[in-house]
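*Asks:* Take a look at this one; I'll ask things after.
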Amino acid sequence: MRNEPRRRADYLGLREALGDRLLPVLVAAMSFLAALAMAGALASATLATRWQGDAASQLTIQVPQPTAPDASGKAPRLDSVMAALKTMPDVADEQVMSPQDVTALISPWLGADPAQLGLPLPGVISARWVGAAPPDALGPTLEKLSPGTLVQTGALWASRVAALTTSLQACAAAILIIVALVAAAVVAVATRSGLAQRRETITLIHALGALDDDIAGRFAARITLLTLAGAAAGAVLALPVLAWLGALAAPFAGPAQINDVFNLPPALMFALPGLPIIAAAIGWGTAQLTVRGWLRSLP
């Protein structure tokens, strides 16, 4: 019990040397940025999962000369292809696009009225693939009924969404690494500033036999407390902004992917409390290395 006051005593004057204003504010700002970057990475993954599934399942079937007889000569090509799609269990939501919709779809490339060019417009059917296997055999099957029928899937768009998601996650990871490095640099500067202010005291007690572990431990404890408080404040301040962004993104993410309280991915709600812990670990490790390196330079 007699050692308790000594453990609590600030005989190095660190409360004055390492103030409780500037460092926590800087760490809070970096924690805020880290929370936004982490949210961006997780949100992009959540949205991409939904968008990739939707894009990959979309089918566009183009039937040339839709009113011409099919291969059997018994029905128009468009009707024959549509009837075949209705019998396939892996195809859903099949729908023939009206001539007006087809014209509106291609008018950006061919003009407001492509029919004036004298080009026959194909019949277009939109559908959704619900099968487990890729629709590779769908094109040849429909072409037997209507020669020249072309089946396009959303695989290209799905791959582009995946590439975009990878790029966004790489950017978020780079931001997190930069924030961590800047946080370590700020802690190192603050620690060296504290060492400079208490140089005479530390030099004296070190010469009298104080252990490096004790001196470094006291600095690290103070820095850890300040970084923990700053990072916690930054994470809390980020919550309203993240909730607002989550509300904007909610219609695109789907109800199953969103937390009901803050409109945020559940993974983000579990990751945010880890920011103060990571910041405290960075502060502790940086302070330990900085103080020990400084003490080794003493004569």
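Each residue, glycine too, has its Cβ placed from N, Cα and C.
Sharing the feature lines straight out of TrEMBL:
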DOMAIN    174-283  domain 'ABC3 transporter permease C-terminal'
TRANSMEM  21-43  transmembrane segment
TRANSMEM  167-190  transmembrane segment
TRANSMEM  225-247  transmembrane segment
TRANSMEM  267-287  transmembrane segment
*Asks:* Quick one: mean pLDDT on the domain 'ABC3 transporter permease C-terminal' (174-283)?
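*Replies:* When the pLDDT values over the domain 'ABC3 transporter permease C-terminal' (174-283) are averaged, the result is 81.
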*Asks:* Would you list the DSSP helix, strand and coil counts for the residues of the domain 'ABC3 transporter permease C-terminal' (174-283)?
*Replies:* 94 helix, 0 strand, 16 coil
